[in-house]
């Protein structure tokens, strides 16, 4: 009930804001301290800035990205403000924002309370990482090992192992894999088909979660796919086949099918890994509800991003010279792939409810 009240208060307040720089959102924690730290892996939905420090064209460390982040800073987050890990960390009473592990200025406190290893543009499929020059999940696991070593230097081996085992671990990836290798280019589709590619990705998810477990993580939430067919970029790609901008049913059906398989796989993994709590995090439901019932959330545009035309703008195509919409809070998406901050708030609150359900 508290979660729904928070959503209502945020959305009601934000209706009075009409410009990108007019507001900064702070979600107050609910005085819950279930976890000593938060550790984050995956892609641009949760990358808080690691790509700033690697050689890749997949970056968001320039305006108008971050125009609603505290200080109106473009931190490398692919949205107009904060992301899922920031809001969850805040709601859980861990900290207000989750820094990227590659930030050279991390404090001991930053390390102790957790960091982000995610890399925008990455996926479970190595083809995705090679296409975008980003950090694969294997490299992210290596970064976790480096993190544990640094944490041990600060608090000692025993305390470090305790922090890692009790930390909330969030994994969010896969969308880039399906977009790049299944729908937009035929590389994997021709060889494996949809069902075969889903099995391939699930195998890679299994291997990655196993690796996290072997390093010491025990409380792991793996997020499923969003309604991929409702992403503006996918609607744009499909315009040659359909004359209107609307969600692509087949791609959404594929997402739902994959998510059910993922949920089943994670349940099986938990039963085989002693002392683990490995569970599925649903983001499909919240995003699809916003896409199909926008009035509930004060949204007026769900098929285009706020940046530029909202149909093709992403990364360097969404820049300081690009026109942006007057009120991002009325848009489900910030650019042609990534949700707006208001959407991330709704998704994060939904995930917090799921975390409480599983772990409380």
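Here the Cβ of each residue, glycine as well, is placed from N, Cα and C on the backbone.
These features come from Swiss-Prot:
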ACT_SITE  44  active site, nucleophile
ACT_SITE  335  active site
ACT_SITE  338  active site
CARBOHYD  26  N-linked glycosylation site
CARBOHYD  31  N-linked glycosylation site
CARBOHYD  73  N-linked glycosylation site
CARBOHYD  126  N-linked glycosylation site
CARBOHYD  272  N-linked glycosylation site
SIGNAL    1-22  signal peptide
Of the recorded positions listed as 73, 272, 338, the one whose CA lies nearest the CA of residue 44 (active site, nucleophile): 338
From recorded positions 73, 272, 335, 338, the one whose Cα lies nearest residue 126 (N-linked glycosylation site): 338
Residue 338 (active site) and residue 272 (N-linked glycosylation site), Cα-Cα, nearest whole angstrom: 35
Set of same-chain residues at least 6 away whose C-beta sits under 8 angstroms from residue 338 (active site): 44, 45, 78, 79, 305, 314
Other CB atoms within 10 A, centred on residue 44 (active site, nucleophile): 29
Cβ neighbour count (within 10 Å, all chains shown) around residue 73 (N-linked glycosylation site): 13
Glycosylation sites (126, 272), the one with most neighbouring Cβ atoms at 10 Å: 126
C-alpha spacing of residue 335 (active site) relative to residue 73 (N-linked glycosylation site), in angstrom: 17
Where residue 338 (active site) falls in three-state DSSP terms: coil
